[in-house]
Amino acid sequence: MAKVLILKSSILGSYSQSSALVDYLNQQWSSKGAQIKVRDLGENTLPMLDGELASGLRGGDNLSERQLSALALSDELVAEIKAHDTIIIAAPMYNFGIPTTLKNWIDLIARAGVTFTYTDTGAVGLIEGKRAIIVTTRGGAHKGGPTDHVVPYLTTVLGFIGINNVETIYAEALNMGPDAAETGISQAKLAIDAITL
């Protein structure tokens, strides 16, 4: 049975188009027997990394309660990744980048010695055998252009921790009129339908 982790990152709640698309994917894959866990980073926000927490994530003695809490949370998030075969990331574009909610998650799971390590030839990811699917929504048309900082960034981060099998589903032009929005959502759903579990 495939184990799937879905990460929602929108701050828009029930109005979120990226969340609606991964909910659609959830329905499709659940009906095929996938075991799915959803973590809503917009609804249950993670702490923003600061100097104290960054120091605490390196471990050591005499950590504060706040550092211990962040370290335990980071361990939990990393364990979630390791426990699932496929990671689905719902990533709306906000001002050409990812939501802060998703950046907070990345800052808690990208840990030297835990999800990647440094060698004489550079960094090596430690998360092996995983697949990631990015479901990205945006108001304009940015795919493949210089204004898309979402997909290149997420692909880089995922590859850095060892997840190089990455697929992307785009829903674009969602604020460029009703017809364009309908087309964007329809094309994204067709792409979801075409993905194998």
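Glycine too: its Cβ is placed from the backbone N, Cα and C atoms.
What Swiss-Prot records for SER10, SER16, GLN17, SER18, MET93, TYR94, ASN95, PHE96, THR137, ARG138, GLY139, GLY140 is FMN binding site.
SER10 (FMN binding site): 25 other CB atoms within 10 A of its CB, across all protein chains.
Cβ neighbour counts within 10 Å, taken over all protein chains shown, single out THR137 as the most crowded of the binding-site residues GLN17, ASN95, THR137. Taking all protein chains in view, 17 other C-beta atoms sit within 10 angstroms of the C-beta of GLY139 (FMN binding site). Under the DSSP three-state reduction, MET93 (FMN binding site) is assigned to coil, being neither helix nor strand. Around the Cβ of MET93 (FMN binding site), the number of neighbouring Cβ atoms within 10 Å comes to 22.
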